[in-house]
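Feature annotations, courtesy of Swiss-Prot:
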ACT_SITE  HIS193  active site, proton acceptor
DISULFID  CYS21-CYS32  disulfide bond
DISULFID  CYS22-CYS145  disulfide bond
DISULFID  CYS26-CYS42  disulfide bond
DISULFID  CYS44-CYS54  disulfide bond
DISULFID  CYS555-CYS561  disulfide bond
DOMAIN    18-55  domain 'EGF-like'
CARBOHYD  ASN53  N-linked glycosylation site
CARBOHYD  ASN130  N-linked glycosylation site
CARBOHYD  ASN396  N-linked glycosylation site
CARBOHYD  ASN580  N-linked glycosylation site
MOD_RES   SER565  O-acetylserine
SIGNAL    1-17  signal peptide
Amino acid sequence: MLARALLLCAVLALSHTANPCCSHPCQNRGVCMSVGFDQYKCDCTRTGFYGENCSTPEFLTRIKLFLKPTPNTVHYILTHFKGFWNVVNNIPFLRNAIMSYVLTSRSHLIDSPPTYNADYGYKSWEAFSNLSYYTRALPPVPDDCPTPLGVKGKKQLPDSNEIVEKLLLRRKFIPDPQGSNMMFAFFAQHFTHQFFKTDHKRGPAFTNGLGHGVDLNHIYGETLARQRKLRLFKDGKMKYQIIDGEMYPPTVKDTQAEMIYPPQVPEHLRFAVGQEVFGLVPGLMMYATIWLREHNRVCDVLKQEHPEWGDEQLFQTSRLILIGETIKIVIEDYVQHLSGYHFKLKFDPELLFNKQFQYQNRIAAEFNTLYHWHPLLPDTFQIHDQKYNYQQFIYNNSILLEHGITQFVESFTRQIAGRVAGGRNVPPAVQKVSQASIDQSRQMKYQSFNEYRKRFMLKPYESFEELTGEKEMSAELEALYGDIDAVELYPALLVEKPRPDAIFGETMVEVGAPFSLKGLMGNVICSPAYWKPSTFGGEVGFQIINTASIQSLICNNVKGCPFTSFSVPDPELIKTVTINASSSRSGLDDINPTVLLKERSTEL
């Protein structure tokens with residue numbers, strides 16, 4: 001009888017044993033598989049490593065690791081020695097070779113086809129085929145682990161609001177030392193919300209952006225039904241209205257396309273565009289208006305070139321051209337600015353034609369979380385000679401009509417944005433959005449910040465002070481989390497020490513860049529079958545793509561061709577800032593923090 005009791009106790013104890021993969025034992029992208037209840041096996045296939053935990057490098061891997069400089073060394077080289085890079089930029093074969101390496105080395109860090117999602121921490125047909133999920137760079141932490149992050153850290157995670165209050169919330173506006181402006185901030189917001197479209201009815205692991213990339217559904221609508229409501233069905237154009245001699249989006253009443261507006265917004269200010277949340281702030285509607293004008297302008301160009309084409313072909317070809325323009329602007333203007341490189345990035349799909357590369361993409365949940373760059377937002381928005389606080393700015397398209405697109409472009413080009421890394425720079429107006437980012441990451445069972453660093457071949461941080469580069473926030477972090485290997489992804493990205501004179505820390509760049517470049521170059525228009533003049537209506541359409549820039553987009557569609565770029569033109573606006581954030585509070589506590597939080601727009 002005693003023997004039976006002991007056996008029963010042993011079985012019960014075994015059934016409550018933690019999943020052996022909770023400790024994330026497999027290194028260097030090795031895959032952990034449980035064997036029985038208390039054993040695991042690491043699959044090191046094609047990792048370049050071997051051993052029980054995939055920790056021993058093969059001979060060629062050892063040589064590569066010895067020769068490979070650290071990411072910070074590469075960043076230093078690319079952001080210094082301007083004279084050398086000026087020479088390289090003017091030697092086509094050298095520039096092409098370096099750009100090709102940048103694209104392949106970054107893109108190969110992304111699994112394609114996708115591997116995991118929030119409900120499947122192992123390879124499955126469901127994880128591959130179900131487009132309604134965001135994919136995952138790392139599988140979720142197993143359900144039966146001793147702690148929320150696996151085996152490290154406390155048994156209960158710190159209160160998300162406490163994290164935001166102590167580490168993320170702005171005390172005083174910290175400008176971006178790279179000089180990013182509000183044209184950049186709103187471009188980032190407008191561009192990314194064609195593929196960051198969380199389905200909040202189903203949960204943060206699900207997306208409504210089934211195109212999983214640059215398909216411009218934020219211009220044309222996610223569904224065919226919405227697209228048809230927005231189209232004019234004449235000469236390929238989108239519906240529009242003329243106000244004071246300039247083109248603006250049509251109204252909800254004229255299109256019957258659903259948009260999110262509060263009841264108090266009058267009908268004539270309820271503009272209808274592809275993304276239903278873009279009525280939130282005039283900065284988003286500014287870009288929506290500019291791209292509407294660009295689509296209809298391209299239709300006119302194609303109509304002149306191809307009078308024989310009907311409405312459908314003009315529409316579809318114009319959409320492909322705008323996709324090409326978008327990718328070109330993102331790589332050569334937007335990413336170029338973010339990088340701070342003296343090396344000139346180049347959009348040229350032919351660089352990958354002789355490489356092993358898959359022309360498909362799946363948006364990762366971690367990429368969505370990483371892109372919550374709310375510290376970019378200022379305390380107030382300066383348009384011409386007027387300042388608007390958040391309560392005056394949101395859902396107020398009358399500002400757009402009052403000032404006009406030209407004044408918006410001029411003003412946002414001059415207004416500096418905030419620094420993202422370094423901590424304590426999230427505006428109080430979006431405090432609840434930052435808190436939701438932490439809560440949703442927990443719901444999706446993200447692995448720790450250091451596990452993501454290892455996944456992207458970065459050395460894990462060994463101390464809190466190494467992470468933040470200062471003492472005050474590192475002490476707060478340690479009190480909250482207890483273990484550097486238990487710090488969560490989103491808070492760590494925002495408190496990580498910035499690179500010298502940079503907007504981001506190392507991890508934001510080294511994790512974000514692979515997702516970004518794979519998503520851009522994995523677009524179907526970049527494939528050999530598509531990347532040819534005939535796809536875009538001939539040389540005229542191809543030329544529109546190959547000469548696109550943020551300045552040309554503005555000049556072609558905004559009265560007076562105001563100067564613009566993604567950085568402030570006046571160097572005096574860029575002030576030297578310290579790595580650690582100020583501990584004094586800003587004066588924006590009276591703003592209702594829930595004002596930007598609507599059920600379907602928390603990513604904004």
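Every residue number used here counts from 1 along the chain in the order it is shown.
Glycine residues also receive a Cβ, built from the backbone N, Cα and C atoms like all the rest.
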Integer mean pLDDT for the domain 'EGF-like' (18-55): 97
Protein Cβ atoms within 10 Å of CYS21 (disulfide bond), excluding its own: 22
Disulfide-bonded residues listed as CYS22, CYS44, CYS145, CYS561, least Cβ neighbours within 10 Å: CYS561
Cβ neighbours of CYS555 (disulfide bond) where a neighbour is any other Cβ within 10 Å: 14
Protein Cβ atoms within 10 Å of SER565 (O-acetylserine), excluding its own: 17
Euclidean distance between Cα atoms of ASN53 (N-linked glycosylation site) and CYS44 (disulfide bond), Å: 8
Cβ contacts of CYS42 (disulfide bond) (under 8 Å, same chain, 6 or more positions away): PRO25, CYS26, GLN27, GLY30, VAL31, CYS32, MET33, GLU52, ASN53, CYS54
Alpha-carbon spacing, CYS22 (disulfide bond) to ASN396 (N-linked glycosylation site), which is rounded to whole Å: 49
Cα proximity to ASN396 (N-linked glycosylation site), best match among recorded positions CYS145, HIS193, CYS561: HIS193
The one of ASN53, ASN130, ASN396 whose CB sees the fewest other CB atoms within 10 Å, among these glycosylation sites: ASN130
DSSP-derived helix, strand and coil totals, residue by residue, for the domain 'EGF-like' (18-55): 4 helix, 12 strand, 22 coil
Listed recorded positions ASN130, CYS145, HIS193, filtered to Cα within 10 Å of CYS21 (disulfide bond): CYS145
Minimum Cα separation from CYS555 (disulfide bond), reported as the residue among recorded positions ASN130, CYS145, HIS193 that achieves it: HIS193
C-beta crowding around CYS32 (disulfide bond), within 10 angstroms: 22
Candidate nearest CYS561 (disulfide bond) in space, where candidates are the recorded positions ASN130, CYS145, HIS193 and distance is Cα-Cα: HIS193
